[in-house]
Amino acid sequence: MATAPLIPLDRVLGVNEPTGIVVLVSGSGTLLQALIDASLDPAYGVRILAVGADRDDIEGLRRAERAGIDTFVCRVADFSDRVAWDAGLAAEIASRTPKFVVTAGFMKILGPETLADRVILNTHPALLPSFPGAHGVRDALAHGVKITGTTAHLVDAGVDTGRILAQRAVDVLDDDTEETLHERIKVQERELLVELVGRLGRDELTLPGR
């Protein structure tokens with residue numbers, strides 16, 4: 001008598017394997033923490049496979065370690081040049097086989113090997129294409145805009161020039177400083193990133209051109 005094939009338990013229960021991602025950080029890791037907290041819910045559909053950094057001894061790595069997440073460090077100083085660093089970073093990411101990568105406050109421009117055939121998501125504290133670069137909040141204030149915000153976009157070879165996926169607006173108040181405005185933007189930035197990563201992980205969002 002033929003034996004019926006076994007059906008995987010996750011299919012019986014209607015549970016899908018979470019989508020694996022790698023997160024890159026350079027600092028305190030507040031965006032990373034928002035993703036860690038969200039990923040604790042099985043319904044979120046995303047698992048952080050590893051957290052990578054371009055420097056040692058940062059809070060972002062400690063957040064990952066406290067959560068039991070694998071970490072790695074690729075310092076530019078440990079490689080002969082930026083090309084070799086790019087290849088090393090690409091190899092570290094590839095070894096974890098993520099579906100996509102999130103740069104969460106990662107302060108290095110990615111090279112062609114890391115970018116090749118890989119979906120990489122970033123957020124920026126301004127409404128791109130306005131005010132790209134490291135001082136988006138300061139530049140928005142200096143220009144006297146009344147509305148700024150945060151942008152989620154794909155990463156390409158430029159500085160904050162990749163395809164825009166979503167944005168959230170934040171009003172600029174008359175008495176705002178760079179610090180007070182940035183804090184309100186960060187709230188929206190965390191929420192936007194968590195929402196977008198979850199939708200990508202659950203295949204609820206189709207990326208442009210894919």
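Heads up, the Cβ atoms here are built off N, Cα and C, so glycines get one too.
Small disclaimer: the values here were computed from a predicted structure and weren't measured.
The annotation domain 'Formyl transferase N-terminal' is assigned in TrEMBL to 21-196.
Annotation for Leu110 ((6R)-10-formyltetrahydrofolate binding site): same-chain Cβ neighbours under 8 Å, separated by at least 6 residues, are Asp86, Leu89, Thr103, Ile120, Val155, Ala157. Look at TrEMBL and you will find Arg82, Met107, Lys108, Ile109, Leu110, Asn122 tagged as (6R)-10-formyltetrahydrofolate binding site.
The feature active site, proton donor is assigned by TrEMBL to His124. The Cβ of His124 (active site, proton donor) has Pro132, Gly136, Thr150, Thr151, His153, Asp160 as same-chain neighbours under 8 Å, each 6 or more residues away in sequence.
Secondary structure from DSSP puts Asp160 (site 'Raises pKa of active site His') in coil. According to TrEMBL, the site 'Raises pKa of active site His' annotation covers Asp160.
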Proximal but sequence-remote residues of the same chain as Lys108 ((6R)-10-formyltetrahydrofolate binding site) (Cβ under 8 Å, at least 6 apart): Ser26, Asp54, Val76
